[in-house]
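Asker: Let me give you the structure first, and then I'll get to my questions.
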Amino acid sequence: MEKKVAQPKTLRVRIQKMGGFLSAMVMPNIGVFIAWGLLAAFFIPTGWTPNEHLNELVGPILTYLLPILIGYVGGYNVYGKRGGAIGALSTMGVVIGADITMLIGGMIMGPIGALIIKKVDSLFKGKVKPGLEMLVDNFSLGIVGFIIAILGFLIVEPIFGVILAFLSAGVNWLTDRNLIPLTSIFVQPAQVLFLNNAINHGIMVPLGLQQVADTGKSILFLVEANGGTWTGLLLAFAFFGKGISKKSAPASTLIMFLGGIGEVAFPYALIKPVTILGPMLGNMASLAIAQLFNGGTVGAVSPGSFLALLMMTPKGAFVVNITCYVVATLVSFLVVAFFLKLDKTPEEAVSLDTVQSTTSVDSVLYTAPFTATGTKIERVIIACDAGMGSSAMGASMLRSKAKKANLHEVTVENVSVDNIPNDVDLIITSENLEERVKSLFPDKSVPILTIKNFLNNEEYDQFIQFIKESYD
């Protein structure tokens, strides 16, 4: 095996890792966020069925449960159950007494508490007499948690309060000057580069929830999650694209509209980078309408499907929110269609270009061929940023093809990039995440293949052929 060599991490990889870390805390709790959003949509004074008694659930869940769940999962991701326990306790220290929702507090204090108890446990490892392990474990966590909770309450919470108040003031400044639509200049390109989770989960969701607590809904949830921008792009490719992009676009459009999996749309923008202007202008128009007519949702629209948008829309905002989605789709469609119509590349050239840019198995292999070690490929991982959505869809498609090819010993799993196990024989990931995955395996011990379009059957056929050859 080659000696491990640390690879330099680019800024994009660092931001992707931060976004992945935030996603790993938020995504497992999205169902709880949705439940809270539904409670708010129905029972707050401006909801569908105002109920003073049931409305008492809304405040405590937002103030206490959501930040503590974030802190628990963040701690658990760092150090298992002990990390989760102290992560929840550490978060409680910054939640109590705070005037604003401390989601960011949970995102920071949970992992920090877990890292501290992990370090403390390492100091006692191998030094505790038999029979005293439980006593030491319980008291070490209790004492460390006692200290962190007090420090969080007395020192960290006031600091976070100032930071969040500053960020909220910045959002209010943008809102008062009708500048929210300009965020599209940064958000849509960031989505294509898989940096969207850092923006959405790190900034928009915490500040959006604070706005919901104050006003009953927030436009910030629509800054990154309006799927209409990408639905419009896909529709344009379905009508005016060429070659493989045109053939695969209709299925991608349906998945984007109903499932909200943006990763199926991003490759189309990468094929023709100028088309990113469509989603950018579509989102600008959508946010301008939402700001002008007081649109917004009561919770995070995740995934960014039309159905999720409807579920999170409060009473009185259905017309404006649906209009926002339609306008985003229409503007994006018209802009992208304009650029596609200007493209005079022959269909055959586009098809060839698409196939080649999708990177063949031979060109994306990151390590020495499997034949060098004689390893049979039995465990395949398909990884995306959050471990859901596109990777789940890709795993399902590859699993089906492996079954048809009688590769019954091959197992296919979908995970997030940060949770890729070491005992894996093959990793498949998006082109934009390739560099990040490589940084996890600097010794080139695992073959890493990239995929450009999760709906392109030809790519999966190449993967199956690659796997078959490991059995020859």
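A Cβ is built for glycine as well, from the same backbone N, Cα and C atoms used for every other residue.
Pulled from TrEMBL, these are the listed features:
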{"type": "DOMAIN", "residues": "18-349", "note": "domain 'PTS EIIC type-2'"}
{"type": "TRANSMEM", "residues": "21-45", "note": "transmembrane segment"}
{"type": "TRANSMEM", "residues": "57-79", "note": "transmembrane segment"}
{"type": "TRANSMEM", "residues": "91-117", "note": "transmembrane segment"}
{"type": "TRANSMEM", "residues": "139-167", "note": "transmembrane segment"}
{"type": "TRANSMEM", "residues": "179-199", "note": "transmembrane segment"}
{"type": "TRANSMEM", "residues": "219-241", "note": "transmembrane segment"}
{"type": "TRANSMEM", "residues": "253-271", "note": "transmembrane segment"}
{"type": "TRANSMEM", "residues": "291-311", "note": "transmembrane segment"}
{"type": "TRANSMEM", "residues": "318-340", "note": "transmembrane segment"}
{"type": "DOMAIN", "residues": "378-472", "note": "domain 'PTS EIIB type-2'"}
Asker: Take the C-beta pairs under 8 A between the transmembrane segment (291-311) and each of 21-45, 179-199, 219-241, 318-340. Which stretch has the highest count?
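Answerer: Checked against 21-45, 179-199, 219-241, 318-340; highest Cβ contact count belongs to 219-241.
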Asker: Can you tell me which parts of the same chain pack against the transmembrane segment (57-79), counting only residues 6+ beyond its ends and a CB-CB cutoff under 8 A?
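Answerer: That would be 21, 24-26, 28-29, 32-33, 36, 39-40, 43-44, 85-88, 90-92, 94-95, 98, 101-103, 105-107, 109-111, 113-115, 117-118, 209, 212-213.
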Asker: Any chance the transmembrane segment (179-199) and the transmembrane segment (253-271) are in contact, meaning at least three CB pairs closer than 8 A with a sequence separation of 6+?
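Answerer: Yes, the stretches contact each other.
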Asker: The transmembrane segment (21-45): which same-chain residues, six or more beyond its ends, come within Cβ distance under 8 Å?
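Answerer: For the transmembrane segment (21-45), the far contacts come to 51, 54-55, 57-58, 61-62, 65-66, 69-70, 73-74, 77, 106-107, 110-111, 197-198, 201-202, 205, 212, 216, 297-300, 302, 311-315, 385-388, 416, 418-419.
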